[in-house]
Amino acid sequence: MSKEGLPDIAQVDGSGLRVAVVTATWNAEICDQLHAQAVQTAKDNGAEVDEYRVVGALELGVVVQAAARAYDAVVALGCVIRGGTPHFDYVCDSVTQALTRIALDESTPVANGVLTVNDQQQAVDRAGFADAVENKGAEAMIAALDTALQLRRLNAVEK
């Protein structure tokens, strides 16, 4: 697993930002860890955070869209593990397209922290557990907060 290309953004000043974390409950152990890491990262960076849960990755879109209308940024979290059918591909593609469309349609940062992995170990390695190499929940939160700050800056520019 490579962290090559990962930006060096350890902290941002999220003071005054309101962020929603929307987390799927399927693959609960992984999703709970992603969720905990994202929420803690928001708090560590001074942002106000509200938490929402949905059943699976396909349910993220509708709740993320509603949140994007009410918050400065949204973090979507979930875990889709490849099985023996094409369902994995359909779910991953659908979720990715939905989250991207919502961010663009609502002009609100939506960080995609939905893990799309081949097996349980890959999920564990990315979920921010004590011995994990990556922390995708925290990374998604930093991306959401940083993008919200950039949009705030852009919105303050006078034409």
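Each residue, glycine too, has its Cβ placed from N, Cα and C.
Record features, source TrEMBL:
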type	residues	note
ACT_SITE	H87	active site, proton donor
BINDING	W26, A57, L58, E59, C79, V80, I81, N112	5-amino-6-(D-ribitylamino)uracil binding site
BINDING	G84, T85, R126	(2S)-2-hydroxy-3-oxobutyl phosphate binding site
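Nearest to E59 (5-amino-6-(D-ribitylamino)uracil binding site) in space, judged by Cα atoms and limited to the recorded positions G84, T85, H87, R126, is H87.
T85 ((2S)-2-hydroxy-3-oxobutyl phosphate binding site) is surrounded by 8 other CB atoms, counting those within 10 A of its CB over all protein chains shown.
Other Cβ atoms within 10 Å of the Cβ of V80 (5-amino-6-(D-ribitylamino)uracil binding site) number 22 in total over all chains.
Annotated pair W26 (5-amino-6-(D-ribitylamino)uracil binding site) and T85 ((2S)-2-hydroxy-3-oxobutyl phosphate binding site), C-alpha to C-alpha distance, rounded: 17 Å. V80 (5-amino-6-(D-ribitylamino)uracil binding site) and the residue listed as 'active site, proton donor' are 10 Å apart (CA-CA, integer value). Non-local neighbourhood of I81 (5-amino-6-(D-ribitylamino)uracil binding site): N27, F88, V117, N118, D119, Q120, A123, each in the same chain, at least six residues away, with C-beta under 8 Å from its C-beta. Note: the Cα of R126 ((2S)-2-hydroxy-3-oxobutyl phosphate binding site) and the Cα of V80 (5-amino-6-(D-ribitylamino)uracil binding site) are spaced 13 Å from each other. Rounded to a whole number, the C-alpha distance linking N112 (5-amino-6-(D-ribitylamino)uracil binding site) with G84 ((2S)-2-hydroxy-3-oxobutyl phosphate binding site) is 24 angstrom.
The most crowded of the recorded positions listed here (H87, R126) is R126, judged by how many other CB atoms sit within 10 Å of its own CB. Residues within less than 8 Å, Cβ to Cβ, of C79 (5-amino-6-(D-ribitylamino)uracil binding site) and separated from it by at least 6 positions along the same chain comprise A24, W26, N27, I30, C31, L34, A57, V114, L115, V117, A123, A127. Highest Cβ count within 10 Å among the binding-site residues A57, L58: A57.
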